[in-house]
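Some features that Swiss-Prot has for this protein:
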BINDING   C391, C395, C398  [4Fe-4S] cluster binding site
COMPBIAS  727-737  compositional bias 'Gly residues'
DOMAIN    377-642  domain 'Radical SAM core'
REGION    698-758  region 'Disordered'
Amino acid sequence: MTTPQAKPIDSYRKYWASRFGTAPFLPMTRAEMDELGWDSCDIILVTGDCYIDHPSFGMALVGRLLEAQGFRVGIIAQPDWHSADAFRELGKPNLFFGVTAGNMDSMINRYTADRRPRSDDAYTPNAEPNKRPDRAVTVYAQRCREAYPGIGVMIGSIEASLRRIAHYDYWSDKVRQSVLITSKADILLYGNAERALVEIAHRAAKGEKLSEMRDIRGTAFIVPHGWRPDEEWQEMDSSVVDIPGRVDPHLNPYQEIPEQAAEATKGIDPSKPQVIRIESREERLAKRRAERAKTVIRIPAYEAVAHDPVLYAHASRTLHLESNPGNARALVQMHGERDVWLTPPPIPLTTEEMDFVYGLPYARNPHPAYGDAHIPAWEMIKYSVNIMRGCFGGCTFCSITEHEGRIIQSRSEESILHEIEEIRDKTPGFTGHISDLGGPTANMYRLSCKDPKIERSCRKLSCVFPDICENLNTDHSHLIQLYRKARALPGVKKINIQSGLRYDLAVRSPEYIKELVQHHVGGYLKIAPEHTEDGPLSKMMKPGMGAYDKFKELFERFSRQAGKEQYLIPYFIAAHPGTSDEDMMNLALWLKKNNFRLDQVQTFTPTPMAMATTMWHTRRNPLKRLSRSSEKVDVVRDGYRRKLHKAFLRYHHPDNWQIIHDALIQMGRSDLIGHSKHCLIPPTPPGDKAAAVRHKMGAPMNRGKSPGARHPQQGQRAKPAAAVGARGQGGQGGRPGAGKPQAGRSPAKPGGKTSRSR
């Protein structure tokens, strides 16, 4: 099977403006442009984050990549969106505006799981909130149009990427149009998009309009209804469900065999030899590939999915099935009288291209305009290194696969070690501690399908669910070798691993677990079983507790061998689609049995394009073929049940006693109320001595109303009861790398230890 070819991103002839050289920081003001000798910018990037010149921040990576192509790039960071004035700060760009909300979806960044405004923003100086608008991509793009009518506007980033088709929006509780429609942009780039970005910039420099570029992978654009690239293209209609497939006509049972044969040979001269040609398998596959390359799938229109949950779920399933760059087809969705057209996903970057992108001349510091301001996101990642992209886990509550792809893109050892040396030599305040070597996951570095042909033809949503695919290479030796070489660098004293660990993969390599536990865990290691019960786990596409138990046994064994007292910190998610009240009760019993107490909890948050969000909105399961009679999914939407599910995770807290007590009685599980070992809660609220005396004397209790459950802003963190109060030695929590949204998670908070395994 032929691999789709892509032009290397470092092979283009540089634009003429490369003569200006490399800027110490990309300019944010006219004065900075004057210092560089620029009369104008070729491309201006507008972002909802402050500008930090580091590859973990999307605008810095994009800006430096375009600069390496020879373009003059300016940045407008966190502009005042109430008028177009701030968007004129750098003048009119010669080519186009590039618009992004920042490293996170602006709605997730600004609101909690209960739709309450957040009090801080990790991507803003001094964590000041309200520096970006709701749905920032749409607002910024419209202001760019207002500032300079007729200028080309390109949108991208995680917010645009996950809103590229009609999508359910949790914050307005309705299905919204593609962000292309609402933003009035010319073109949308989805995924990390370096390939598309570089090609578009060079074509724009030659005079081509953004709105005319309709043949670039990883893009979306608006076209008249029924538009086709050429006459060879064919449309596959997948806009409805429950329609029978092809039905062949029945043979006439009264027709004689000779008559059937004569009818089948009409027009054939029996006196002439007939050539029978048998196509080889390769020829048949080549023909099929050619047909797929010229096929577009029509998914249900916006107007249909906005009012029909089954069609919404069907559209979501179709999009996710068409996500492998090796076999994905184009998609089209009608919005009114126009179509939103999606080209197939981009070809993943090679190791050489990854090295090129991460080896660009980043200043690795915030822009000087911010002075000594405290920027939490920067403090969190300034001593960390991104070693890979992508995730083949397929967790339904997470959108990494939809954004970065399922194919792992890894950097070379040389590139990673060089960046560690750059941190050591150039980053102020470095004390020898690397806070993380990772990415979307900690341990998928250089893992891939054993057979490239199988990888290109695969249409599975996950390589590890329900079981690890037999074709998946799970060899962790490359990662072990990388860890050892990184530790050996002069000046490096400690390397922690804070990215999420796939423990179901790790147990395939006990040597890796030993290396991790003995050298890279600082007291606590965070992993995420997410749940203990099969019902919700099957909807999450997460492994069962057997893998957790095996990993726990190896973790504890190697910790003892190293003479270290270390703890696993399991994370769980409340109110995920497919979770019943009994499931949460059983999870609480598991926590009590294993002596865990959660000190912070978080409920599921539906984020655009996640499969779990589709379940939450439609009550259907898009992991299976959809029909009007397909299975319904139990969805926790009302406030009482969401509060109850959160309370089960903190069964030990006095504030949650009443709601759990009432629920257990209603569920017929009053046997779990008492002082015996198997009971979940005591018969009286913890700490209420008067109620305990009344209960002992046989007097009725004053049950009253329970206090409102608290809603902390960070992810769930379970502490072993024996370790409560123990101080972890690990680095700070999760990394805010570009594009890591997870439904059911608050955004990563500096110092908040929110990063964990998937």
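Using the three backbone atoms N, Cα and C, a Cβ is placed for every residue, glycine included.
Within 10 Å of the C-beta of C395 ([4Fe-4S] cluster binding site) we count 26 further C-beta atoms, all protein chains included. Within 10 Å of the C-beta of C391 ([4Fe-4S] cluster binding site) we count 27 further C-beta atoms, all protein chains included. Within 10 Å of the C-beta of C398 ([4Fe-4S] cluster binding site) there are 26 other C-beta atoms, taking all protein chains into account. C395 ([4Fe-4S] cluster binding site) carries neither a helix nor a strand DSSP state and counts as coil.
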